[in-house]
């Protein structure tokens with residue numbers, strides 16, 4: 001009879017094969033438990049996974065001709081709403097709350113950029129024509145989660 005404490009030869013190889021198979025099966029099982037989005041509920045490829053004030057769902061403003069997003073919301077380092085869904089042709093107006101410090105609005109793809117403002121009531125606007133997702137952030141506070149999304153949808 002083979003010594004169960006002898007980890008040389010065929011016994012060791014069989015054990016390692018079994019261990020490897022169990023690991024593969026466990027990984028496959030865990031992969032099946034992952035969210036479809038794979039980022040903790042952020043449907044925007046993880047862009048808002050650390051955004052201040054994002055609850056996992058965009059605010060639906062489809063059909064509105066103009067939508068306002070507060071700059072410096074919450075603790076002063078957030079956009080509210082962090083994600084908004086609009087129709088083509090909608091103008092989004094970012095309005096400064098005066099909280100936090102100087103903020104700006106910068107599109108990740110560089111298609112728009114506001115000046116830095118701090119004063120309450122200052123505004124910056126952009127009209128969104130084409131369907132898609134526009135990701136934006138505040139340059140000095142991006143690392144604090146000051147990011148947002150405008151999602152433009154047909155219909």
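Yeah, the Cβs are placed from backbone N, Cα and C, and that goes for glycine too.
Note: TrEMBL annotation is automatic and uncurated.
Now, the feature entries from TrEMBL:
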type	residues	note
BINDING	103, 138, 141, 146	Cu cation binding site
DOMAIN	66-152	domain 'Blue (type 1) copper'
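Surrounding the centroid of the Cβ atoms of 103, 138, 141, 146, where the record places Cu cation, the chain contributes additional residues within 8 Å, namely 71, 72, 77, 79, 100, 104, 137, 139, 140, 142, 144. In this structure, residue 138 (Cu cation binding site) belongs to neither helix nor strand by DSSP; it is coil. Following the DSSP three-state reduction, the secondary structure of residue 146 (Cu cation binding site) is coil. Broken down with DSSP, the domain 'Blue (type 1) copper' (66-152) shows 6 helix, 42 strand, 39 coil. Take the CB of residue 141 (Cu cation binding site) and look out to 10 A: across all protein chains shown you find 20 other CB atoms.
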